[in-house]
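Listed in TrEMBL for this protein:
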ACT_SITE  B:E106  active site
BINDING   B:D9, B:D105  Mg(2+) binding site
DOMAIN    B:5-187  domain 'UmuC'
SITE      B:Y14  site 'Substrate discrimination'
Amino acid sequence: MKIIVLKQNLMEAINVVQKAVMTKATLPILEGIYIEAGEKVKLIGNCFDLGIEYTLDADVQRQGSVVIEARMFGEIIRKLPDAPVYIEVLEGFKVRIECLNSYFEIRGMDGDTYPMPPVYDSEFTLSLPQAVLKELIRQTIFAVGNDENRKIMTGVLMEAVQGELKMAALDGFRMAVCSSVIKEDVNFKVVIPGKNMQEILRVLETSEDAVTISMAGSLVSFDLKNCRIVSKVLEGEFMNYSSYIPAQFETVINVNTRELEESMERASLITSEDKRYPVRINLSYDKMVISSTTEKGLSKEEIQIENSGNTMQIGFNPRYFLDALKVINDEKIKISFTSPVGPCIITPIEHDRFLFLILPVRLKS
Amino acid sequence: MKRVVFLVDMNAFYISCETTRRPELAGIPAAVAGDPKKRSGIILAANYEARKYGVKTTMTVGEAQKRCPEIILVPPDHSFYEEKSRQVMELLSGYTPIIEQASIDEAWLDMTGCEILSGQPRAAAERIMADIRDKLDLMCSIGISENKFLAKMAAEMKKPMGITELWVHDVPEKLWPLDVKAMYGIGNKTAQLLANLNIRTIGELAKVDPAVLSEKLGKFAFEIHQKANGIDNDPVTPHSPDEMKSIGRSTTLPEDITDLEEARKVIMELSEEIAMSARRHNKKGRTVQITIKYSDFKTITRQTRISPTNLARDIMQAGFMLLEKNWNRFRPVRLLGISISGFEEDFCDQVSLFEQANIGHDRVKEEKLERTLDQLRLKYGLDKISRAALIKRDPS
């Protein structure tokens, strides 16, 4: 194998596939990046739960493949000057890397022994603009749980039903649900590990270019123009999340999204990082007072609202509110409260494409 | 108001704890030592009878036996000392609510304004010392002053069972003649640096220009200069700053194992212990880590995150998952360990979806159950009640 590739392009490819490379593997080859030179150059990282293939343009002078230890390869390329990089596999899988005045010879491994991410005939496919999928992931991923004892909640539910693609995530204290119209008439339901979803989010662009989702057995893949991500799905039944959404409310308010976000930001300034304090929300008929008192001091914020229900005093972890508010683009939102110890939901006013549910904190009187 | 700060320092703590349950050790040279069977073990705490022979902490067992051939050596039982320490702290908290535990056997007490309750400082100290002796059968020394530093220096002056007052006005007479090496916070290296500046006593340190000192010692200079003058404004802060970061147990197996079921039982047993300890310290952790040491001594640690917990079931479940995922089963294991860390202070009583929707198990109820087991174990012994999976089958 002998290729010439631009440093920046190679670096970007490594950064993407490296996320799928194991850092502590039992076999050395699993800690490597697979490089294949055909018509183009393809880099692959694969840790079985997640496989990433990235294709980039290069001047291929001799075809072939090799596996290079990912961490060192990444470090070498990162520190090279911005110039074309020559990579050649010599005898015994020795890899020569050359760039301007720098020269490396490092040990590689036989590419033929690399465990490739599976290629399969998919049971169905679904194409949608990258920007749409990106937005759906962004609006749900923050609510993913991190309790490995409750594995299913560490994933994001992706469900296609009746011309709609729905996504949902919850960690036991809050929940995010959002949806988008799709053209294809497909039906499926999978739970994708949150950390794999994070990688998918990273490669998606805010563009109309398509991403194609396909599925077979316990695998789901996301195909982009120059990148393919294959993820294992999480086994088990996802919670019946819609049953947690209350139907009756005590207090319903309309509020400006950015005003609320900024006030919450300021209110949480005096709640320290390691000790979690709640913010206290007082809802009257025309305003909302957000206050917090900690050992460091106190803060108070006032926002105009339209309240079509009763007054209420309720406490929240401000982070849960901020995580949701940050991913809302709508100028105004509706927040519906059930009781000081029951869930509240944040929904849009003009449409029904998202719903965030947040559980409160019991306030000590 | 003038502050009143006590430092209560337990004397020869580990061995004194042992003596409370093994009265035969009283009056004869004895010490707690790491693995007395091996000559490589070291002395962790020697009683005063052994100290007369020159036996000191950190001395090797071999050296100690050379100096005192009849010394009785006892292997350490840290959970017992922890429990005794907790009893001491509980007793002390009857005298003032402001206690800063500095280590397992030392604590600062802010006694400011306690005269009405406990009398003049010396009288109060005498009561505390008698109380510890009568109720717990342990010895302590107490230093009395108006700040933490001087209280610590005072406690060092008379051991065992000494009560020493060292007020700021006593500093020139009582503190200044001492060697700088005797100063709390000054180690050999700093002492050497000071010796190069011709500073050998605390008095010489107190009189030197701190600017000269800071050239050699940096930021630290100002602090030690202040302390040498008896000034220390650091408040007695309940909960020591170096508070517990993790709770863990590990065990070297009687023989190497290759069987997953056996390994799970070990993890189960250890999880029970750390969960019990976590509950005793009122801690909930969110990171579970396991340690696997293979027969060739290669050691790996792997960790995972769970919801904050002090329940054995949660800890062992995470432990099992880590074990199954990371144990290379072709390799026999000689040691297994598990720990919980990532303790967080939580001022939020967060409502959870599980209690709302009534799904999953009831953690509140389970914690009550496990706490009841804790009490049974404390009363009747660790092995008296356990999970059915851990019951050792009678070989007959």
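The backbone N, Cα and C atoms fix where each Cβ goes, glycine too.
All features noted in TrEMBL, drawn onto the structure.
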residue : record                          : DSSP class
B:D9    : Mg(2+) binding site             : strand
B:Y14   : site 'Substrate discrimination' : helix
B:D105  : Mg(2+) binding site             : coil
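Cα separation, B:D105 (Mg(2+) binding site) to B:Y14 (site 'Substrate discrimination'), rounded: 9 Å. When pLDDT is averaged over the domain 'UmuC' (B:5-187), the result is 89.
Recorded residues B:Y14 (site 'Substrate discrimination') and B:E106 (active site) have their alpha carbons 12 Å apart, per Cα-Cα distance.
Put simply, B:D9 (Mg(2+) binding site) is 5 Å from B:E106 (active site) when counted between their Cα atoms. Spatially close to B:D9 (Mg(2+) binding site) yet at least six residues away along the chain are B:D105, B:E106, B:C140, B:S141, B:I142, B:G143, B:A155, B:E156, B:K159, judged by Cβ distances under 8 angstroms. Take the CB of the residue listed as 'active site' and look out to 10 A: across all protein chains shown you find 20 other CB atoms. It is B:D105, among the recorded positions B:Y14, B:D105, whose Cβ has the fewest other Cβ atoms within 10 Å in the structure shown.
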